[in-house]
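Per TrEMBL, the features are:
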TRANSMEM  12-34  transmembrane segment
TRANSMEM  46-71  transmembrane segment
TRANSMEM  92-118  transmembrane segment
TRANSMEM  138-158  transmembrane segment
TRANSMEM  170-187  transmembrane segment
TRANSMEM  237-255  transmembrane segment
TRANSMEM  288-314  transmembrane segment
TRANSMEM  334-353  transmembrane segment
TRANSMEM  365-384  transmembrane segment
TRANSMEM  396-415  transmembrane segment
TRANSMEM  421-442  transmembrane segment
Amino acid sequence: QSGHPRNFPLAPFQLGLFSGTCFIVGTIIGSGIFISPKSVLSNMEAVGPCLIIWTMCGVLATLGALCFAELGTMITKSGGEYPYLMEAFGPIPAYLFSWSSLFVIKPSSFAIICLSFSEYVCAPFYPGCNPPQVVVKFLAAAVILLISTVNALSVRLGSYVQNVFTATKMVIVVIIIISGLVLLAQGNTKNFENSFEGASLSMGSISLALYNGLWAYDGWNQLNYITEELKNPSRNLPLAIVIGISLVTGCYILMNVSYFTVMTATELLHSQAVAVTFGDRVLYPASWIVPLFVAFSTIGAANGSCFTAGRLVFVAGREGHMLKVLSYISVKHLTPAPAIIFHSMIAIIYIIPGDINSLVNYFSFAAWLFYGLTITGLIVMRFTRKELKRPIKVPIFIPILVTLLSVFLVLAPIISTPAWEYLYCVLFMLSGLVFYFLFVHYKFGWAQKISKPLTMHLQMLMEVVPPEEAPE
């Protein structure tokens, strides 16, 4: 019963170094490595810089995760960035993170993953051309509804789906890496000659390439969510981060090497689904394995995204930061069904106008704005909260470096290639202040009168009750 008020303490000291490393690898590897290579290459326009970008993303993810490790062992509260921002800057930045996560970061991530699934499933049925966008978007919306239904009906069923599809992602990663290395050993190195020729090294192209690469590494900040369940976290947490992200970085670089061993840069850019094109050229007649296992991988990632985001919406509703009905639990299934349905509806809205590249930029801009703000909070608390115990304490130059890189990631695309989408994103995030002052801070009577009938109507329609009224 997720979010049930009858809370039970976590069993301490369960996960060791190996389990923590597996958690990092399993969380990060999802749909990103199957869609981002094309976008990274389109911004860098050459093979050599493209591989450097993938390495830089791994280093940045490692440094960011080490900063979050200090925060997670210093402030042992759940909620990700929310409690860190609350301790460092107060309720308004923390609330804006919650608002942005609910309406921008989480649903756009869910939409990207489901669009990736749809493109890989559709690609074999439209050989030599791009699938119609209507077909891709309808299938992505159907997948969102299916996954949301599964998670709304049963927590156990959702966890089974996650366990099964998580294992399959490593199968396709190993297949691509081994196949590429075999071809490389046979002398297929032509595509790596003059690998820096024609590269685009402008500030805007580098930042957008980093956006797309870092999307594939998203999840680097998740291990501190289970700090209390790690054996000897002051030792195992930083070790698991370094080992896990290093393994992911190695896999990503080798997968890109495999892609370029089989395809020229031009061919990769014109491929609708990079891994499918790789499979057609290398694994024929067993090329059907690639889209099948990529689909499995993205389904697992989408299910995990829905599962965790639904809980985030649930907690926000319970804390009074969203409509109260979003904290209600289904009477029949004991799941946070209203929160899951709300999250899926927002994700479907993102699918209608956007494509994967624009959504990745939109997601990355918002995410790194708060990653940077959170790590800035770490620097601030070194001076304002000296009394807090720090089992892990990273050298001060690391959070300063990550903060500066975050500023670069946020400002560079705006300065070099300004687009209205970034302004819309900022305005939407700031619009959360209106909701905060009306419903959370001042709790104006007329605002409560508007929300109360809506909550009662939805409660009757969906057969949900507050957590304290949920059956055992």
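Counting begins at 1 with the first residue displayed.
Glycine residues also receive a Cβ, built from the backbone N, Cα and C atoms like all the rest.
Those TrEMBL annotations? Automatic predictions, nothing curated.
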What residues elsewhere in the chain lie close to the transmembrane segment (237-255), defined as a C-beta under 8 angstroms and at least 6 residues from its ends?
17, 20-25, 28-29, 33, 37, 51, 54-55, 57-59, 61-62, 65-66, 69, 72-73, 173, 176-177, 180-181, 216-217, 220, 223-224, 227, 230, 392
Should anything in the same chain at least six residues away from the transmembrane segment (12-34) have a Cβ under 8 Å from its Cβ atoms, list it; otherwise answer none.
61, 65, 112-113, 116-117, 120, 166, 169-170, 173, 215-220, 222-223, 226, 228-231, 236-237, 239-241, 243-245, 247-248, 251-252, 255, 273-275, 294, 297-298, 300-302, 304
Among 138-158, 170-187, 334-353, 365-384, which stretch has the most Cβ pairs under 8 Å to the transmembrane segment (46-71)?
365-384
